[in-house]
Amino acid sequence: MAFRDRFCSSGSEVNLISENEPDDNFEDDPDPCPEEEEEIDLGIHAPSDDKWFHGKLDRADAEKRLTNSGQVGSYLVRESDRRPGTYSLSYLGRNGISHFRVTGVCGDYYIGGRQFCSLNDLIGYYTAWSCLLKDEHLKFPVSPPEPVLVKKRVIAKYTYSKVPDTDELSFFQGDVFVVDDVIDMDWLWVTAQKNRETGLVPAALVEDAKKDLDPCAGKPWFFANISREEAQEILHRDGVIGSFLIRPSDKSPGDYSLSLRGPDGITRFLIRKQGMQYSLGGRNFDSVDAVVARYKHEHIVENLSLKEPVSRAQEWDLPHRPMTPSRNGSSFVLRSETPGPVILNRTQPAFKRGFLVKKGHRNKWKRMFFVLDQDEQHFYFFENEKRTKPKGMMDLSFSMVYEVHQSFFGRPNCFQVVVRAFNELRMFYLCADTQDLANDWMEAIKKFCGKPMITNLGERDVKQLRSLEVTIVEAHKLNSNKVSHPYCMISLNEVKTCRTKTQEGHSPIWNEEFKFNDLPSDVSYYSVDLYNRNKRSRDGQVGSAMVPLNRLPKGNVLDEWYPLLSPSHSKMEVGSIRVRSKFTHEIIMPVEEYNSLKEIILDKDLQAVKSLGQVCKDRVGLASTLLKIFRHEREEIFLLKTMNSLEIENQEEVSTLFRGTSLTTTLMDQYMKMVAIPYLQKTIGDVVAKIVECKQSCELNPAKLEKGADTVVNLKQLLEFLFEGVDAIVRSPDDCPRTLRYLFCCLQQNVKDRWSDNEIVRSRVVSGFLFLRLICPAIMNPRICNMMSESPSLCAARTLTLVAKCLQNLANLVEFGVKESFMTPVNPFILRNKEKMINFLDELANVTQTPPITEQVSSDPSRDLAALYDICWTYMSELQQLSQTQPGLKKLVAVTETLRQREEQFLQENLSLTNRTEKLV
């Protein structure tokens, strides 16, 4: 049975790089899922909004208007009269009328997870660029019976100064805004007519515009109350060649006069209002804005286009106006003392909120603030926690959640939200600081996804799980002229989730295993795509093999060769690939079914834990499962303290203490990753960022020096980083989790009792965990704890390695020797800081009392205990054999066999329930 610890991969632990290890010229750093965004002008493909926007209209009337149109491809957009900010795109298709929800948020519009800047862009996209339904586009707009105001306008009653670092707008008295969204009773999200800036304005400082306010009011080029002579005077006085303004026509109400300053004087053009359009020079336009936009790019007269509107005088110079309220006639200059709404009020109280790192274009990652709205099934992300307007939104009603393996991006704790809507697939890649946080987010999001991830069996608290194990073994018969550095990408359905390492040659051997636990319910197949790694161009896909899950024997391993089919010729074989697969369909029983197993594993003698450590090959999976169970019971300190003490007690040679990979060291490794990532980010984050940004080499190895490089300069830069790093570390004890510090204290006491005559071991037992297994690996690969968003340059990566090597030697209290003689110039630094390091390690471990466990850990006890049961059943024969010499294990064996019988009973009940349901249907 597969472990239920979500998604893991077999492999050894990462150690510090040796100088003798060869460089890999094909480091798997490029973006495995590049996105190409085509720049398209959507608005030019959409009819004007007066042709399809119907304002507030109920569903029945919308369907009546579409039916009356009688044309397949007819559509209209209406606003919900019950849910402000929500619209519906109603469409008459081949199979009848469909209604698609459109969500408006701060001037942006979302449909099926895709974001648009306006309703016009949305209509243009599904008119010319994408299908709304399969092979169906928007074709025929249905006009409303009478003109409808799309958005209301408001006018500023006062002058206002925004709060810095918020989404607020500064404005003058008289400025005109279009209201995009009503955030709440106190705040509006608007677009300023004068400069198209969007943001928040206090509702109390604006008032509704009068119905007869000119449609162009507030535009930067519109002058409402000036005569022809005044227009000429303004252009001559304040304008330059190409400056222009537009004013209402003196003679024809509803028409406009455009005045342009040319090299020979002022030229005027009449813009006529004709129905719902405007005409100039024989051309028709949907708006006066469209007239301006066209003639900014085309000549309106010979060799001259519209440049910028003539500037107008303002009463206040905003950057330097008074910072306190003051009265000036009927106008107030106000400055807000508190920012506007931090997060959309419609999402309060949100189901979950917090920071995640999101992947952007070109493999760039950025920390953003996320809010999960349970009522609307929306998942918003913001620039930071102070912003009101989201950068984007995922519609979870069209979504599923997939975990992403560490191999895919070279960083752990990743997952993706996959949005499938309107024949399109969009992926949002996210990363949490720890695996616990990633699990919490995934479980929270799954609850609101369109398709349920867990199926209940009747009324009992039983959950179904599907898991898949895939081992990419080897490939044969690849074209040697086309394949030199192959690697494989594994996808669930069409969603990429993990990848192998890059190998050399046309007969590669990988033997890499990947485990997918709790498969999304819609996954029906997996595919293996073979690529060839290219240094100077995009990696080319060589071939692909698809494996349907329903063809895999349930619960048994299938070892098979599959033909690799060409992506360009689906029937042409380009080689073959050997894959081992195991697909299981399992259940998680109610938590009380596992009570006996929990009692055994939590027993104070830890016999079951030690025995599982002897037989289980996947120590990482076992350690992770044990820690989840013990943390849920708030017993993790007892587990770690006892296991550490036992390992020290059984160790003969101090030189090999905790150097190997055992269940004890793996438990400590996993625990530090669970609790110490924030500590790492705060302690070494700044120096790592400086190293990544620095272009100066720190190389000291003569074999790796560039031609003409100066080792003196390199050494100076390296020492600067080392001094800064050590200074940050020795000042950090108070930031380190107290539970970890207490464990270090216990370690020091244990080794002191075991080797009382060895003073150095007290320091090394702490540094062996803190530096060798936590700080130094994080420095060498900052992505594992989200300290950087992109892969470092080759120069920066080498500097990170050198800094980690030097800090590790300092933590070990040893200087560089003959083996790495080129590093000996760093020895004075090590000697100078030895005492400082010893004092730091002692201070760090100076927590003598067991600290209270205050951290709230989200967990699923039934799932974790089921994972432990899986491990016990997998190694049942080994446990039975051990029980012959350790009678205390017989109870564990008996409980595991009982759980097996109970699981089969639940599966039979499920089968019977399924059959009854099918008969009813």
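FYI, residue positions are counted from 1 along the chain as it appears here.
Glycine residues also receive a Cβ, built from the backbone N, Cα and C atoms like all the rest.
Automatic, uncurated: that is what TrEMBL annotation is.
Which of 1-38, 305-342 counts as region 'Disordered' depends on TrEMBL, and there it is 1-38. Counting C-beta pairs under 8 angstroms (sequence separation of 6 or more), the domain 'SH2' (52-142) reaches the domain 'PH' (349-450) with 3 or more such pairs. Applying DSSP to the domain 'C2' (448-562) sorts its residues as follows: 3 helix, 59 strand, 53 coil. Taken through DSSP, the domain 'SH2' (52-142) splits into 21 helix, 39 strand, 31 coil.
Over the domain 'SH3' (149-211) the predicted model carries a mean pLDDT of 90. Break the domain 'SH2' (221-310) down by DSSP state and the numbers are 21 helix, 33 strand, 36 coil.
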